[in-house]
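Look at TrEMBL and you will find 21-39, 51-72, 77-93, 99-121, 133-151, 171-192, 199-220, 232-253, 260-278, 284-304, 325-345, 365-386 (among others) tagged as transmembrane segment. Taken from TrEMBL, the feature domain 'NADH:quinone oxidoreductase/Mrp antiporter transmembrane' covers 96-374.
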């Protein structure tokens, strides 16, 4: 693990000194180093140092983050702040000490703040940053209090907490709030569409692909332990997240900005994942982990393609991006597969994760099938809508050739290959 930290530090140093080619060379080394520890991580919790560890929960998200960083370099859109953001995220996924976890968790706010404020396109980016900071701070204070009061200061020993402690339930609820804001679930999501709209392309890809998983990672760590203390502690949140998963696709159907649609789609998927975690079943937790990894690649791919459309048409409005099927056939094939994966269509791993989530949620509450049916149907509907509107009819303008570049095709191919081949790696999640 220390080797990965050193390589990431060297990468940032090269970027600071304007040596981007050397920085790019380090990406395969970081990926190869992380894969060397794969056999150990799948066998269980493996402390790497007194404060760093990886296990079957953190390792898939860890590797996903490195792969997204690699694909950003392939697309030639990475930056020093983007690399710093991913580095903080990797440390967050690896810290065993709760205080260090909290520090790394909050440090992620600084690079994304600078990315939006310094590289955003419109004056509204100041308001978007303000909303993001306010929501984050609202969840950070309870998280800090929970970390300070926690009897055990590591994830590995967290399960030793006393089951009769009334303080434990309060700590779990305080800490959970910060993770729900970062995820975010429906009703705590208002900052996310604003941040995505104002963020540059690389900011949106990392925000959707990596940063949102910080909240999900925290929920997976804490929720099973909380449910052993008090099985009904999260039942209200289970209902709220389930309803949110059904309402988010409705908002997607009413929007016309591609970035906003993808952002609300993320809210729906994250609400579904949170609901499956709160179901309290092992299948639910496993489905959430798979959904986080699948969503990381799918959402990053969709934001990348929305950014390419914006480069060619100078607008993100779906009605002004017609006729792409005649202009860029390969690009639209990739767009179709991205929409299919976002709607949990076969043969993507998204389908497996949502089937498992459905089983776990219905097992907890039978009437949840009504909300799940609505969520799945509306999700398919809005993905079909954005695909049809952007591909059919005659184009309203002549598209520039940006989307047929070699770098674009390599990036699209990388995202699609990884996303589709995740189905082959599905058994690894259950080990």
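One is the number of the first residue shown, and numbering goes on along the chain from there.
Just so you know, glycine gets a Cβ as well, placed from its N, Cα and C.
Automated prediction, rather than curation, is the source of TrEMBL annotations.
At the 8 Å Cβ cutoff, the transmembrane segment (232-253) and the transmembrane segment (199-220) share fewer than 3 close pairs (sequence separation 6 or more) and do not count as touching. Packing against the transmembrane segment (260-278) from elsewhere in the chain are residues 180, 183-186, 189, 192-193, 196-197, 208, 212, 215-216, 219-220, 223, 234-235, 237-238, 241-242, 244-245, 247-249, 251-252, 284-285, 287-288, 291-292, 295, 299, 302-303, 306, 318, 342, 354, 356-357, 360-361, 368, 375, 379, 382-383, 386: each is 6 or more residues past its ends and has a CB under 8 Å from a CB in it. Under the criterion of 3 or more C-beta pairs below 8 Å, with sequence separation of 6 or more, the transmembrane segment (51-72) and the transmembrane segment (199-220) qualify as touching.
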